[in-house]
Every structure is written in C-alpha cells, then in structure tokens.
Amino acid sequence: MSSGRGPRIPEYWYGQVPVPPFMRFMEVIYAGAVSLRRLAYRRGWRRRYGVAVPVVVIGNLVAGGTGKTPLTIEIVARLREAGWTPGIASRGYGRRDPKTPRWIQPDTPIELAGDEPAMIAWKTGMRVRVDVDRSAAARALVAEGCDIVVCDDGLQHYRLMRDIEIEVIDGQRRYGNGHLLPAGPLREPMVRGRLCDFRVLNAGQYSDRPTSGFGPGDWQMRLHIDHVQSLQGSRRRSLDAFSGQRVHAVAGIAHPERFFAMLRQRGIGVVPHAFPDHHFYRAEDFTFGSRLPVLMTDKDAVKCRAFADDWFFSVPLRVELPTAFWTALFDRLERLVSC
C-alpha cells in the first residue's frame, strides 16, 4: 500500500479533463512573459555570458522530472572515458540558502547541496558547482580546470551561452495537453524543441536508429536496473537476490510508480512508499511497521546515508542509448574544439 505522500499533478495536464478557464487566462499571461524574456536575450537587451570551453545543457520543456539527471551522469562518465575533464553546473533545487554559490562534494550535507547535485557528485566524483546563476557556475568550473561544462537542467537559463542542447522528453507523457503553465506542463512552447541539437525520449521503445524528429533525431533511452548497493559499506548484490521477496520500495521522484513497476518486473514484492519529489528524509519516515529490506533510487539514497542501516539499499539506474547517439554527440564536440 502506498504512503500516499507523492506529488499531486493537475489532472488536466495529462488527462482528458478540460482546462479550467482561469488557468487558460493565466497561460496567456505566462506565454507573454516567456516570449518577452526570449526576445530580450535575442535582441541583446539582456546580456548572455559564455565560457572558453564547450557547454552542454541537458534539460526539458515540461515541469517535473523526465530523466535528466541519470542522463547527465552517464554523459559525464562517457566524457571522462574519452579524456575530458567535465564539470557540472546546477541550480541545486531545494537546498538551504539557495542564493549562496557552493562547491558540492560527495559528503556535502544534503540540505546545503540539494539532492540532485549531491547525487551527481556522489556518482561521478567530478566537480559540481551550484549557483542560481549558471553562467557564474560555468566560469567557476573553467577556473578550476574543467575543459567542458555539463549543465544539469537549465534549458531555460538563457543567460548561459551553450554549444549543445539536449532535450529530455518523457516518452510516455510527452508534452501532456500541450498547454503552457499553469494550464499545462510546458515551460516553453513545444516548438522550442526544434532548436535543440538532440532530443532524448525516456521510456520510449528502444531503437538503434533515431526516429523522425529534428536535428540528429529523437534518440530513445532506456533505463535498466540489475543490482543494488548497500548504503552502509560497499556491499553490492544482484537484484535477483530479492526476487520472490517483499521489500519496502521508496521513491521521492517525479514518477515513483515507474520505479515500483521496474522492481515488480524483476519479481520483487513491492510495498510502495511514494514521497514528494526532492523530499528530504528523516529516520522517522522509515517507520513502516515491518522489518523488510528498503530499496530506493540513488536520488533517495543520497539523502539517507546519514541514518541508513544494513537493510537500506540503493538501486542504480543504468542508462542505455544507441551507439549512434554517442557517435553523433562526440562528433559534434570534436567539431567544436577543432574550430
């Protein structure tokens, strides 16, 4: 039985429910503000800042999660393998004192880091800088020796000039009802996606070739789970070890039911506990009434390490994209540095 603490999304965003008239009115105001802001950057009325190294921005057009952070982590890992020294810029959503720029280490207190920057630092071991001004974060990373900046989220942060834009799309929900906030989930009009260099569809059916779309095409990404990692120590176990068992499954992410479904597909008996996205956990949150293993996403695990016991396990997501996607991405980077 779910804890019922997950986020509430308006039914009209993704369902067949009519949009309330007041929300349509507010959408018109929001659309005007978005258009004026873009015009200000395009005409030079608002200044943009660049850095002397390639900048890759990974983001989305809709409010809420689409799988950006797992893709960010995978891209950083691939860049390292190719000899780059990537640095990651992030806003650090939900952290205390959000206006203070900060370097994030794997052991930075979660309330100072924000959950996603903390997870990126933990999983990559690379430099992570949080700053509401991502252009300032990029400059700080370059000053520390990074030769490429990867921006986790920030598609709408036009203050930072970028070389490559990657839009991540929920392959199931796509753009919902197609309306802008607050009438729908869109931060910007759908046409904005045509300007991105790559579009990655999360949870779409896997293909080794791009589907019809813009630029290099719509690349389809799959997320896999195959092992668990103890939050205490380095003990790693196959996920099959929990097949046929009941576990407490914890997810404080945009779409917790997808994590629960992935576990069920592996034959695991799931007792689901959905929390709001970006929820900061306390030990009291895990008073479930039954002593079972606790399986959670990496994004949740990074916030539970301080009080976790031997029954707590993270379930890392493994990102799978076509080989041709990586070839196209690195070809683009090579062209940038050779100019």
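Just so you know, glycine gets a Cβ as well, placed from its N, Cα and C.
Quick look at what Swiss-Prot lists:
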BINDING   VAL62, ALA63, GLY64, GLY65, THR66, GLY67, LYS68, THR69  ATP binding site
Check: same-chain CB within 8 A of ATP site center, minus VAL62, ALA63, GLY64, GLY65, THR66, GLY67, LYS68, THR69: ASN60, VAL168, ASP170, ALA254
Binding-site residues listed as GLY64, GLY65, GLY67, least Cβ neighbours within 10 Å: GLY64
Densest Cβ neighbourhood among VAL62, ALA63 (binding-site residues), 10 Å radius: VAL62
Listed in sequence order, residues with CB under 8 A of THR66 (ATP binding site) and six or more positions away: ASN60, VAL168, ILE169, ASP170, ASN202, ALA254
